[in-house]
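Chemist: Pulled these features from TrEMBL for this protein:
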{"type": "ACT_SITE", "residues": "K128", "note": "active site, for sulfotransferase activity"}
{"type": "BINDING", "residues": "K128, G129, G130, T131, R132, R209, S217, K334, G335, R336, T337, H338", "note": "3'-phosphoadenylyl sulfate binding site"}
{"type": "DISULFID", "residues": "C317-C329", "note": "disulfide bond"}
{"type": "DOMAIN", "residues": "120-354", "note": "domain 'Sulfotransferase'"}
{"type": "REGION", "residues": "75-111", "note": "region 'Disordered'"}
Amino acid sequence: MACVLIFSRLFPFSHRLRGTSICLLSLFLSFLCYCALFPGGAVMQKSGDPTPGCLQADGTKRRLQKSPSCLFPPDARKSSAADEAPQAELRHSAAARTGRENTPSPPMSHLKFGNKKLPNAIIVGVKKGGTRAVLEFIRIHPDVRAAGTETHFFDRNYDRGLEWYRGLMPRTLESQITMEKTPSYFVTKETPHRISAMSQETKLIVVVRDPVTRAISDYTQTLSKTPDLPSFQDLAFRNQSLGIVDVSWNAIRIGLYALHLENWLRYFPLAQIHFVSGERLITDPAGELARVQDFLGLKRIVTDKHFYFNRTKGFPCLKKPESSGSPRCLGKSKGRTHVQIDRDAIEQLRDFYRPYNVKFYEMVGHDFKWE
C-alpha cells in the first residue's frame, strides 16, 4: 500500500483507475520494491532447501548467517558426520607426510644392512697353526664377514645360548658367509657335538702344521707372557732320557691331530672339513686361499695380487689396500723368532709324532710331509 500511495502522489491520474487495476498495480509495484531491496538477481529460497538463511545466487553460495551448514552443499551436509573421521585421518596423514618430507634422511653410514646369522663356516683349529692368517686373508673376500675376536662359545660359553652367540656375529647379507674362528675348538671333546646340534651343514676349516714346530711356537708365545716358565724339555717330557713324552701338556696334546679328528668324524663327514697347510700358507698363501674359497663355494677373488712376502717377519702380508696408506701385516706375535730347542729333543718328538702323523695323512688323504 505504501507503494500505491507513492504512486498516486507521483502520478495524479491514478485516481481515475478502478479498484482491480489498483490491486494489480499494487502487486507490480510491490515486486519492483522487492527487487530494489534484494538486488543482484536474488531469488527466494526454495522450499526444498532445508537450510535456513542460505541463498542461491549466480550459481554460488552466499552465507547470510554463521551456520556451518551454509558452507557445504546438501549432499555433503548429509554425509558430513559419517565422513568426519576419515577426513580427519586424511588430514593427519597429509600432515605426517609433510613432516616426513621436511625431515632430513639419516646419513647412509647410520643405516644397518643385513642380519646377524649363526656362522656358515668356522675355523676350528689349530692353535699356532695359522688360523689368524686364514681369517684375515679370507675376509678380504666381499662375500665373507667374520667375527674379529675368538668367541670361545662352544668350549667356554656354551651355557650362554645360541642367541648370545648370534649376537657376536657381524651383520651379513643373504648372499654372504658368516664366519668365526676359535682354534681351541679342535681339541675340545664336546665341541663337535655342539656344533652339529647347531647345524649339521656347518663347514669346518682346520689349519694344521708340523706338530713339533707348532709345539715350539706355542711354548714361545707362552714364554713371552710368563718369563719364569720351565724349560721346553721339562714340560714336553716326563723322562727325556727314556723318550717318554708328556701328552698331558697341552702344547703336545694339540699335535695329536689323528685322535682329535676321530672325534670330529663322529659328527661330520670328512668332505665337510677342509685342512689348510700352515707351511704352504707361508710359502703360497694365494694357493691355499684358492682352495679355501673353493671349499666355501666362493668365487676366487683373493689371489696372489693381494699378497707380498715380508722378509723381516718371514711371513706373507696383505698388500696395501686402496683405502689405506700402509700394508697390512699380522700382529707382532706372528712370525716371532722361536726359542732354541735342543736338537735331540726335537728328534725325540718327531719319533713320537710320526705314527700319529701317518695315521692323519691316511684319514685326510693327504701327505703333509712333516719330516
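Note: Cβ is positioned from N, Cα and C throughout, glycine not excepted.
A quick note: this is a predicted structure, and the numbers were derived from the prediction, not measured.
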Chemist: Taking the Cβ of C329 (disulfide bond) as the reference point, list residues of the same chain whose Cβ is under 8 angstroms away and which are at least six residues distant in sequence.
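Modeler: Once residues fewer than 6 apart are set aside, C329 (disulfide bond) is near N310, K313, F315, C317, L318.
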Chemist: Cα of K128 (active site, for sulfotransferase activity) to Cα of S217 (3'-phosphoadenylyl sulfate binding site): how many Å, rounded?
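Modeler: Taking the Cα atoms only, K128 (active site, for sulfotransferase activity) lies 7 Å from S217 (3'-phosphoadenylyl sulfate binding site).
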Chemist: Looking only at the domain 'Sulfotransferase' (120-354), what is the model's average confidence as pLDDT?
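Modeler: Over the domain 'Sulfotransferase' (120-354), the predicted model scores a mean pLDDT of 93.
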